[in-house]
Amino acid sequence: MPRRLALGAGLVAVLTYVMASPAAAQELPEGAASQVILDNIWVLIATVLVFFMQAGFALVEAGLTRAKSVGNIMMKNLMDCMAGVLAFLFVGYSIGFGAEALGGFFSWDGFGVPGIDDVAAAPAALNLSPATFFFFQAAFAATAATIVSGAMAERTKFKSYFIYSLVITSLIYPVILSWTWGGGWLSQLDIPFSDFAGSTIVHATGGWAAMMGAIILGPRIGKYGPDGRPRVIQGHSIVLVVLGALILFIGWFGFNPGSELAADALVPQLAVKTLVAGCAGAVIAMLVNWALDRKPDVSMAANGLLAGLVSVTAPVGAIETWAAVVIGAVGGALVVLSVRFFDRRGVDDPVGAISVHGVCGTWGTLSIAFFATFDDAFLGREDAGLLYGGGIGQLSTQALFILVHFVFVTVTTGLLFLAIKKTVGLRVSEEEELAGLDVMEHGAPGYSTEQGQGTGLLPSAGVPVVERV
Amino acid sequence: MPRRLALGAGLVAVLTYVMASPAAAQELPEGAASQVILDNIWVLIATVLVFFMQAGFALVEAGLTRAKSVGNIMMKNLMDCMAGVLAFLFVGYSIGFGAEALGGFFSWDGFGVPGIDDVAAAPAALNLSPATFFFFQAAFAATAATIVSGAMAERTKFKSYFIYSLVITSLIYPVILSWTWGGGWLSQLDIPFSDFAGSTIVHATGGWAAMMGAIILGPRIGKYGPDGRPRVIQGHSIVLVVLGALILFIGWFGFNPGSELAADALVPQLAVKTLVAGCAGAVIAMLVNWALDRKPDVSMAANGLLAGLVSVTAPVGAIETWAAVVIGAVGGALVVLSVRFFDRRGVDDPVGAISVHGVCGTWGTLSIAFFATFDDAFLGREDAGLLYGGGIGQLSTQALFILVHFVFVTVTTGLLFLAIKKTVGLRVSEEEELAGLDVMEHGAPGYSTEQGQGTGLLPSAGVPVVERV
Amino acid sequence: MPRRLALGAGLVAVLTYVMASPAAAQELPEGAASQVILDNIWVLIATVLVFFMQAGFALVEAGLTRAKSVGNIMMKNLMDCMAGVLAFLFVGYSIGFGAEALGGFFSWDGFGVPGIDDVAAAPAALNLSPATFFFFQAAFAATAATIVSGAMAERTKFKSYFIYSLVITSLIYPVILSWTWGGGWLSQLDIPFSDFAGSTIVHATGGWAAMMGAIILGPRIGKYGPDGRPRVIQGHSIVLVVLGALILFIGWFGFNPGSELAADALVPQLAVKTLVAGCAGAVIAMLVNWALDRKPDVSMAANGLLAGLVSVTAPVGAIETWAAVVIGAVGGALVVLSVRFFDRRGVDDPVGAISVHGVCGTWGTLSIAFFATFDDAFLGREDAGLLYGGGIGQLSTQALFILVHFVFVTVTTGLLFLAIKKTVGLRVSEEEELAGLDVMEHGAPGYSTEQGQGTGLLPSAGVPVVERV
Amino acid sequence: MQLITAVIKPHALDAVKDALKAIGVSGLTVSEVRGFGRQGGHTETYRGTEYTIDFVPKAKVEVLVDGMDADKVVDTIASAAQSGKIGDGKIWVTEVGRAVRIRTGEQGSDAI
Amino acid sequence: MQLITAVIKPHALDAVKDALKAIGVSGLTVSEVRGFGRQGGHTETYRGTEYTIDFVPKAKVEVLVDGMDADKVVDTIASAAQSGKIGDGKIWVTEVGRAVRIRTGEQGSDAI
Amino acid sequence: MQLITAVIKPHALDAVKDALKAIGVSGLTVSEVRGFGRQGGHTETYRGTEYTIDFVPKAKVEVLVDGMDADKVVDTIASAAQSGKIGDGKIWVTEVGRAVRIRTGEQGSDAI
Ligand SMILES: Nc1ncnc2c1ncn2[C@@H]1O[C@H](COP(=O)(O)OP(=O)(O)O)[C@@H](O)[C@H]1O
Ligand SMILES: Nc1ncnc2c1ncn2[C@@H]1O[C@H](COP(=O)(O)OP(=O)(O)O)[C@@H](O)[C@H]1O
Ligand SMILES: Nc1ncnc2c1ncn2[C@@H]1O[C@H](COP(=O)(O)OP(=O)(O)O)[C@@H](O)[C@H]1O
């Protein structure tokens, strides 16, 4: 039974691609649906759920930041998907999934996606047509890109963010792809890396990029007191936060089960494990936060849900249900502690992106070394986890994978943000930041409760319109 | 053609579970998709739609209550799903679908879900793997639980609500399951009960629990004048109400058609009947409300949509399209009258949960006795409805079913809420209620329009921050 | 491989409908899923995505208009779907897809949908059962209807809008259907019209109806200065706009790929082309707007996304991926220019519906004449586009199609709006418009931040409650 | 002519309005404000960081009176708004030189 | 120095601001308020229960003047805000003892 | 007794409150307002149409003082709110005849 896109040399014998082949098609009795069609349709539906996550990210980030920059954060989320997909179509896909190039440092197949318009093209993966496979991978690329906007919210120039999002989807994320799911060196180790649906490949890429962005930008004005102690800047709408988290929850049922890249019996397993890990993350984050702060913070519970989901994304194919609960629960506890840690270290991440995607993504990837018992295509064997007697081999590989990824992402995105800072500039002026980015960067406030005759005389009660300081 | 999960002893001969059996799998020609896979994938997708309903409920409830407790209502909706799924995983599922125990009062199979991690396990229902079946049933359990929060909004302690939601998903709802879909005594009557997708089993469980909660809590401060007449407490956002209702509408296309538990030719029938009943409910509720109050109330139209959907949930498998329109329309009229009835009787249900889920759920379950013509697995015969000459046998069973369910739910949830009241307390203090639950229960206002430097100096314009009375 | 619903006399030999035929069913090996089932399930899921677009339209329109009429706009969006579906069920479907009547001017089969309750009925299209086909077409009818509310926002009587929406879904849109997808004269031309998923049939119908509505209504009070120059009336929430646009984006993956009306290898192609056209539309609209106005307007970027999606809806089955990017990009540029054009011509369309759906729908339909290379069922040949040497035949047909459609829609909706104006009246009073439609038309403000004891004393801070002028 | 300004608890507004109506006050103007005073200052935690809520929501009522005894209005507000708990608010009175009803141009006491 | 306070209909704000600008007023401060007065009181129904809307939205305009004739300002506002329909609002004038421009510390008429 | 009204930049509110607290002011009332003044007037474009933003957000602070030197309060606000950039705002002082603490009914300086 096919699990995940098999990678590297000779890992998998691709099933005969009957879909467009008249001869093969005749082998199917009249009226029998082909597995190929079903695989493609299922992955397509899963991808739609993954694209829906864009709305989830946008809402969580908007809700956790201030009303005066809400248009800006929505725009960034919109555009890193829109521009990111085009960048991935023209350049990134080829780097991620092309033939080996540059001595294996990354892949290259020329611009664009080979066979994308050809309904009879050889499958790009398992039974998936090039179009389906691109569709799915583009949604993942957009996810990796969009994580960063939250951590850099309320102070980043739109133009600079736009440049960043083009570079990450056309270059940085694709190189990571080429090393891993693209079949590159990390998948060719004796004990290959394992990351079923991208705790590290997708989420930690976004998470560590977010960390570099937040550090290089510096905190929002007023976030730290003169004594350096963190101050509270409340998000403007908990409704948006929870709605966004629930949309992400839904989307994750495309993200993880869809990563099977086939419609098979493992898919429901993946859904259940995704579900229970998310639930455990939310409940434990709430309880830990309750214990620490005497009250259950709503936004931390939402972060906990996402933490559980990110954590289980890597191990989801290899673990039992009880382990999914444990992994999600640890993710939920971690995110509460990690948000405090970064907040107190002077890293101003209004939405907790570094903690949710970077820290929990890393935890999830590491957790495979302990809890893996089922074979998914990346592991190539059963009982790889320490708890099942798999030895420390997988732990070493996972650690290496995490480390290499961390160094690569922090260095490349660090250089990218510094380069942007030196050239077009990364941060808006103090005046703009105080007034909010909406009017200054986009020409209109995000909210308006103007009652007049359309002349803008009493706009945006309670929402700052720009102020010339 | 398989309709709904066949229940009780010997009701169904489960199809051979070919999915994971190498021998059986070879019978399928290379490349033909198996019906087993398709069934599991379809039910999985339907389940995702059902989980999306959590967002719908959260938004409808948030929109129909005040801004000062909006974080609290979002948190309750988040947590009854998150904690509810875990409670159902560890305890509730076994009570609902285990082997008969305790002389048939409920079922029990030990903690957890047998076979959940086994891709080759015997199917839990029809072709559905234990993982798929649990995934689907967990979404239903979360739905039953979440209905209550709206009726108890703006005055219930979070901790107490959390306890309630654990008990309903681990014990109360599962016992009802064990009597009905789990194959217990209500399914073993000469003329067995019929409730295709849960008008009573799911919705009225939530609805009657909501009623008990609202009665035991008492109305919100200010809801009734000194003369005992109801006063208006407006919901704070009609956008959230309508968006939530539309999300629920979408989710219902998973709820009802997914309850077929198979990908077969009946599924589109279920979708169409769900659609037209919801539409009729919305239109008729609007018209009735328009006639009574001289203006079409937006929130009542949204309630009408939900009323139509709840009403058709039980009969959806057994009726013709015209009957779906009638059943939905009656539901739409009922909800308008019922909301008035409870409001004037001193039961403060800000969102109309009792009327939508309790009253219309009951109507829908009863409507089978009149309109059933197709056989679904619960009915076991065609033309069971009075209008088709089916006699009053089904009516008696449906009435018994409704009554037993009503008594069981009101007694158990009544005792539960009273027990909570005596111990940890059910209701927040008057001070907290006046100030809103967000700050006092969760530490932060749900909305903030703070413009300052992050020091919380001008937070939440127009949204009450806590007040020390 | 089946593409789109084949139309007209003898265009297609419908596949044997095995689903409900015992004999045929036995031809499938035990456990093999039938293509018929898969086709129906896939189209059903796609339809759910299309229904979700109702929420997207509601949010975009609510966000781009003022808070004081937000309940009204949500109600209109809710009701044109709810009432529209019923009107289409009882009358419209038969006009659109019945047997030829009235000398071919439109179709008629009696009221209702033949075979809708029959699981074994002959398929309505390809493999689709009458229920599935109705479900899909009803979602399309609701889409055509809902486009208009945005252009007529903030000044149209609810009752009048309700009448309009009944007429368009029961008569006007169905007649267009009967001429096109219903197999009527436009599909029987020597070179038949081509519109894969409805750039013209669905979107431009809504768009041109919106134009007539906006013109006949006249602009909102205060929209134009005494000098006739347009003034700005800002939408009240950019969060709703972008969330709505992202929901529409998601829904379009049902709209276009679902229009294949089958689960086949073309479906992923349709998804990819939809995706890249939408992305190109958003990016180019942003850039063009940036160049013209010195700042990237968020709401225009969202409009650009929709413009790209509408543009590609007609050609999506016939073009290569690069062409989808170009067509979407042109749509994105067009929408920016068109919004300006109408705004300066005195047509007050607060949401840009005319530009997005009318103008870009027309562009998309025309683009087939240039870019078509693949055969979809409407075209009946490969390389029909000018760029592929297809000659100007298709261009003539497309131009004729666009023209006939434009004249028919503008004349019928124009007469309809004028008739409503003369009878029940189309526009609210000046007093109502200034106060906002929510309280006057529906009895309650859309937003309320009342803090009191439920007595409505301090309702709706920042949101106008009705004012008796 | 005098302007009476009262800062009260939001949920007392209902009672204050009714009481003023009862003694014949024909109009008033209300706004949402935030108060800082003896009542204030409790500490909460948001995402792990403590903060102090200094400002509490209040309603500000302004009543222009003439002819009528301003003291009576003050006393009426005071007794309607009084809960006896900290934070009930303040009332103050300022002298007004001229008043106009915009609709008619009426001046002075006719304007009210 | 005098403070002129006007409670007007929200959509008259535009005209008032322009009229004041035209006579040389260099600044003003506006807030959203709710008014209760002769205009008020209509009954609506929400989810089956009647309620009365007593308060209508108004804009409050405050203008500090010195040197300039306060009466001229009052009259300008009155004529710009007048629709002749009930609810047009009120204007009143209070005496101000001292005024400061924060930026410069300028006092009195220089502050305005 | 005097009422000191200050219209300041929103983000100066923090500093003003702390400064007033430091000199012993025990209470104040704040509201959100929009200011039109020398600072104002920049042009933006929304969906292709130009518009002018005339009004900028400000916070209005009202402090009732008695016994204490009103001038000291004025000066404290002025120095705490001063950034030296245009739009820092205004302070003005009006005479108050009577003040009441609602909770206790205390009058005059006891009320504050
Ligand atoms: N000196 C003052 N100037 C202006 N407003 C004040 C002053 N002191 C108090 N207030 C207002 O009165 C409200 C209540 O005052 P507080 O000191 O909390 O309680 P109490 O009214 O019981 O004395 C405050 O929230 C504030 O809005
Ligand atoms: N006595 C008053 N004190 C303060 N504000 C008042 C008073 N009377 C009226 N107002 C304000 O003036 C507005 C208009 O008054 P109203 O009596 O409705 O109509 P008109 O201005 O035509 O007399 C009210 O909504 C209220 O805001
Ligand atoms: N004459 C006035 N009456 C009332 N408020 C005024 C007046 N002039 C200015 N203001 C308020 O003071 C604020 C700042 O004034 P402005 O002229 O912009 O700058 P500055 O305070 O530096 O002179 C304005 O936004 C407005 O709220």
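Just so you know, glycine gets a Cβ as well, placed from its N, Cα and C.
Just so you know, TrEMBL annotations are computer predictions that nobody has curated.
Annotated in TrEMBL:
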| type | residues | note |
| --- | --- | --- |
| SIGNAL | C:1-25 | signal peptide |
| TRANSMEM | C:41-60 | transmembrane segment |
| DOMAIN | C:42-447 | domain 'Ammonium transporter AmtB-like' |
| TRANSMEM | C:81-108 | transmembrane segment |
| TRANSMEM | C:128-149 | transmembrane segment |
| TRANSMEM | C:161-181 | transmembrane segment |
| TRANSMEM | C:201-218 | transmembrane segment |
| TRANSMEM | C:238-255 | transmembrane segment |
| TRANSMEM | C:275-292 | transmembrane segment |
| TRANSMEM | C:299-316 | transmembrane segment |
| TRANSMEM | C:322-342 | transmembrane segment |
| TRANSMEM | C:354-374 | transmembrane segment |
| TRANSMEM | C:399-420 | transmembrane segment |
| REGION | C:448-469 | region 'Disordered' |
Go through the chain and flag residues at least 6 beyond the ends of the transmembrane segment (C:299-316) whose CB is under 8 A from any CB in it; none is fine as an answer.
60, 63-64, 194-200, 202-203, 235, 238, 241-242, 244-245, 248-249, 252, 255-256, 270, 273-274, 277-286, 289, 323-324, 327-332, 334-336, 339, 352, 355-357, 360-361, 363-365, 367-368, 371-372
Residues of the same chain, at least six outside the transmembrane segment (C:161-181), with any C-beta under 8 angstroms of its C-beta?
5, 7, 76, 79-80, 83-85, 87-88, 90-98, 105-107, 137, 141-142, 144-145, 148-149, 152, 187, 193, 195, 201-202, 205, 209, 213, 401, 404-405, 408-409, 412-413, 416-417, 420, 424
Go through C:41-60, C:201-218, C:238-255, C:322-342, C:399-420 and flag the stretch with the largest number of C-beta pairs under 8 Å relative to the transmembrane segment (C:128-149).
C:41-60
Average model confidence [pLDDT] within the domain 'Ammonium transporter AmtB-like' (C:42-447):
96
In the same chain, who gets a Cβ under 8 Å from the transmembrane segment (C:399-420) while lying at least 6 residues past its ends?
160, 163-164, 167-168, 171-172, 175-176, 179-180, 186, 189, 193, 195, 200-201, 204-205, 208-209, 211-213, 216-217, 362, 365-366, 369, 426
If you count Cβ pairs under 8 Å, which stretch among C:41-60, C:201-218, C:354-374 touches the transmembrane segment (C:238-255) the most?
C:41-60
For the transmembrane segment (C:201-218), distant same-chain residues with Cβ under 8 A (at least six beyond the ends):
140, 143-148, 150-152, 155-156, 164, 168, 172-173, 176-177, 180-181, 195, 310, 313, 342, 347-349, 353-362, 364-365, 402, 405-406, 409-410, 413-414, 417-418, 421, 426-427
